[in-house]
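Engineer: The following block contains the structure, expressed as structure tokens.
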């Protein structure tokens, strides 16, 4: 009988890049469905448009580099980047914004540094920051959740609003006729109210806040949390970064809330508002741009959580995950250098 001789580690199952990406995309679907349920068809349209642009850019770059187009498209990394950009921007943002952001993510952030596995920054978050800094008004104008809006746009209405086609007078009248077609998120509303001298309790008495979190956003975050837990169960990601992000945000927001409950939101609000669960399980866990050792991943995640709280409360933008992730990406080599695991048989570095 012939025995196959193989060196360690003796892995019993191989997880290819395409398999990992497929699992991440599938686990994103619950959050995407709930997000569409609360914020309309615009989110799905943005995701589909981003996928088309991302795959086209990926194929074009591979053609220019004389690489295999089929192999590059089949790893599903471009599709995942497109979906993350699509769910991050407002549902009714103009079509050219999602096109610009996706092209920037794939061509500049990903392939300018050598392609998959070589990019320094998370492509989706780099694209989001580009759009947020360049077009702050459009990037902070979210459609009102379906549970509080007097009317919500249909599929046709969403297409016309995104692509700015049809009867322009009618579309403008439609925009003005919907109460809250463009509105601030709960994070932005709280930040604005606190700057005007209102207390947290007074601000959260508004209808946009649903029992201390935010209409729609609690369920969206809960759906992404469920998908993230499945992702952990499938071992597509490790628990260190997600735990670090949530723990860092929870501890920082708890300290702030205990010191000044009138001007600081509760930890529950921070955990289930904005892009918290999406970022903790699907964005910060990008293995290319994160720290590599288990202890380093915990520090990396905790750094993101603390930075999110600082920027949310002291910065100029209501949600801060994109900035926090990019800043942590910068710190990842530093963390890896000083948090190296001890090699067996050698002293600690």
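Each residue, glycine too, has its Cβ placed from N, Cα and C.
Quick paste from Swiss-Prot:
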| type | residues | note |
| --- | --- | --- |
| MOD_RES | 185 | FMN phosphoryl threonine |
| TRANSMEM | 36-56 | transmembrane segment |
| TRANSMEM | 77-99 | transmembrane segment |
| TRANSMEM | 124-144 | transmembrane segment |
| TRANSMEM | 212-232 | transmembrane segment |
| TRANSMEM | 239-259 | transmembrane segment |
| TRANSMEM | 265-285 | transmembrane segment |
| TRANSMEM | 291-311 | transmembrane segment |
| TRANSMEM | 315-335 | transmembrane segment |
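Please situate the listed features within the shown structure.
Structural biologist: Secondary structure at residue 185 (FMN phosphoryl threonine), taken from DSSP and collapsed to helix, strand or coil, is coil. Around the Cβ of residue 185 (FMN phosphoryl threonine), the same chain contributes 140, 142, 214, 217, 273, 274, 318, 319, each under 8 angstroms and 6 or more positions distant in sequence.
Within the chain, the transmembrane segment (36-56) has long-range Cβ neighbours (under 8 A, six or more residues past its boundaries) at 73, 78-79, 81-83, 85-87, 89-93, 95, 98-99, 101-103, 105-106, 142-143, 145-147, 152-155, 158-159, 161-162, 215-216, 219-220.
Long-range contacts of the transmembrane segment (77-99) within the same chain, counting only residues at least 6 positions beyond its ends with a Cβ under 8 Å from a Cβ of the stretch, are 17, 21, 24-25, 28, 31-32, 35, 39-43, 45-51, 53-55, 57-58, 105-106, 110, 116, 123-124, 127-128, 131, 135, 138-143, 153, 158, 161-164, 181-182, 275, 278, 282-283, 322.
Tertiary proximity for the transmembrane segment (124-144) is limited to same-chain residues at least six positions away from its ends with a CB under 8 Å from its CB atoms, namely 39-40, 42, 81, 84-85, 88-94, 97, 100-102, 104-105, 108-109, 152-153, 178-185, 188, 283, 317-318, 321-323, 325-326.
Distant neighbours of the transmembrane segment (212-232): 23-24, 27-31, 33-35, 38-39, 145-148, 185-187, 204, 238-239, 242, 266, 268-269, 271-274, 276-278, 280-282; these residues of the same chain sit at least 6 beyond its ends, with a Cβ under 8 Å from one of its Cβ atoms.
Packing against the transmembrane segment (239-259) from elsewhere in the chain are residues 228, 232, 265-267, 269-271, 276, 279-281, 284-285, 290, 294, 297-306, 308-310, 313: each is 6 or more residues past its ends and has a CB under 8 Å from a CB in it.
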